[in-house]
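Chemist: Quick one: structure below, then a few questions.
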Amino acid sequence: MTPATLPADHPPVSGGRVGVLLVNLGTPDAPTPAAVRRYLAEFLSDRRVVEIPAVVWRPILHGVILRTRPKKSAHAYRQVWTSEGSPLAAITAAQAGALQALLGDAVRVDWAMRYGNPALPDRLAAMKQAGCERILVAPLYPQYCGATTASVMDRLGQALAAMRWQPAIRTLPPYHDYPAYIDALATDLGAQLDALAFVPQVLVLSFHGMPQRTLDLGDPYHCHCRKTARLLGERLGPRYPGLRIETAFQSRFGRAKWLEPATETVLAAEAGAGVRGLVVAAPGFSADCVETLEELAIRGREVFAAAGGQNYAVLSCLNAGEPGMAMLETLVRRELAGWVDQGLKSQSLAVRVERSRDT
């Protein structure tokens, strides 16, 4: 029944809306050891992230890691924390706002984190409460990985299991080789390369690392990263014929063998081989975060300089810029086919954002 035909004594209902829930990895609530400890406890307790038997892992996690790592990680977060709080949270919120402006009132856009706040189950429930009967859950991970994409699906399933009245769900698949994604990266990174104050000899495409064991067990992440790098290189190579492009993997954790080469190893080796100008881009990250702003931009610079390098820069992620948002709109509209009117005329991002501010 529609609201106009409901009996007079019927309780109020809202429904029929379509929603999009953007999901990223997560961040602590504050750059303090206590907040980081809570965040790491949730993150490192995920069996998708650490594939070690719990009986072995829990004593290590609670007896060693959560006693020592929070202080060090809190320092890293303090290096990049802004007046808006966590960069990852602020940028993801901006992406949601920009996408809302692009899609208009036909769709409700929200955002959540896999770990920390705002929690995925809470935002999913809020969207259902707001009348969203059909929701596209969009993990902002271009390359599929069991520790990221699959973990979001696990948490989504847990959230749905707790709901009596579930919305219909669609999920965004990985888009590591989607033409609009490669186009957005090439456009955005090209503009940043052109704006540099020096001419780099090497561009390092740094992806988040994973244990080698995940590749051996069949996880496609390594292959997805390599394909993204190859396709992006095919776009940037002709435009910058003097630029050599390398691929590396960062953020190693623990003693196990990880995907190689390691980013810090590449930075030191390039400087040691005589490279004086080098830039780093992180195409696997949809938003700048502690891994790009601290690990790459601060510690990476120190590694490169210590080995003899001179000019160093880290290029921004797509964030909420126009190339990235146009790409995200294309992806989301594709996945919403049949749920919303795809015949709506598209406006420029700047026009729609400005109109949204005026309302």
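Placement of Cβ uses the backbone N, Cα and C atoms for every residue, glycine included.
A TrEMBL annotation is a machine prediction, not a hand-curated record.
Source: prediction; values computed, not measured.
The following feature annotations were taken from TrEMBL:
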type	residues	note
BINDING	His208, Glu291	Fe(2+) binding site
Chemist: Ranked by the number of other Cβ atoms within 10 Å of their own Cβ, which of the binding-site residues His208, Glu291 ranks first?
Modeler: His208
Chemist: Tell me the coarse DSSP state (helix, strand, coil) of Glu291 (Fe(2+) binding site).
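Modeler: DSSP call for Glu291 (Fe(2+) binding site): helix.
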